[in-house]
Amino acid sequence: MDAVSVVYGITAAGFAVGVAIVGFLYASLEGSDERPILAALALIPGVAGISYVAMVFGIGTVTIGETTLVGFRYLDWVVTTPLLVGFIGYTAGASRRAIFGVMAADALMILAGVGAVVAAGTLKWALFGVSAVFHISLFAYLYLIFPRSVPDDPQRIGLFSLLKNHVGLLWIAYPLVWLAGPEGLGFATYVGVSITYAFLDLLAKVPYVYFFYARRQVFATKLLRDSGDTTVTPAD
């Protein structure tokens, strides 16, 4: 087993921890109206973990010309990254239209990126440019649109800011890694880029779901207020 496969295996195990964290979150929010929605957070580390197991065995990885397309990496991204930004919008109290809008922009960013990987010449860079435009639009949602919807609740504001900055800062790195790698300018090797992506994916998703667990009082507090009880007690 080569170094990349070992790293992929470790990453998959890390995502199993993320699934467990969501399980603890779900158990701690018994009776909350938001519990069923937040259960969908398990898809983020769950889909990512399954994808990395597939990547360990080379499933879905194909060579097109001189380019290696890791299919499950992009399948993971097209499913989980819209959920990452969608749940940020949910935390902000954004409208369904805004949430679906940011999720669609994210998915289109990933799909254009896949096209840029397999294309060549001018088309490659045109598709990279399209992906970059959608990428910039995500920052517009995170830093301009969603903040307008956040309720005047210090705990909700705190969680929203934490999620927004966590995702926003990490996602600056992804296009830079792509540019440096074999699909872009070729400054970095396939091995280096693969390991970097695995690190970024794990760092982006497992702490993300942990933040929901650590700040679960946001959702427990909402439950107490809706029931008319103004006494705020920590979630179990």
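From the backbone N, Cα and C atoms, a Cβ is placed for every residue, glycine too.
Taken from Swiss-Prot, the feature N6-(retinylidene)lysine applies to K205, supported by similarity to another entry. What Swiss-Prot records for D76 is site 'Primary proton acceptor', and it gives similarity to another entry as the kind of evidence. What Swiss-Prot records for 6-26, 37-57, 74-94, 98-118, 126-146, 167-187, 192-212 is transmembrane segment.
Using the rule of three or more Cβ pairs under 8 Å, pairs at least 6 apart in sequence, the transmembrane segment (126-146) is not in contact with the transmembrane segment (192-212). Tertiary proximity for the transmembrane segment (37-57) is limited to same-chain residues at least six positions away from its ends with a CB under 8 Å from its CB atoms, namely 1, 5, 8-9, 11-12, 15-19, 21-23, 25-26, 29, 70, 72-73, 75-76, 79-80, 83-84, 87, 90, 198, 201, 205-206, 208-209, 212, 219. Here the transmembrane segment (6-26) has Cβ contacts under 8 Å with residues 35, 38-39, 41-42, 44-46, 48-49, 52-53, 55-56, 194-195, 198-199, 201-202, 205-206, 209-210, 212-213, 216 of the same chain, all six or more residues outside its ends.
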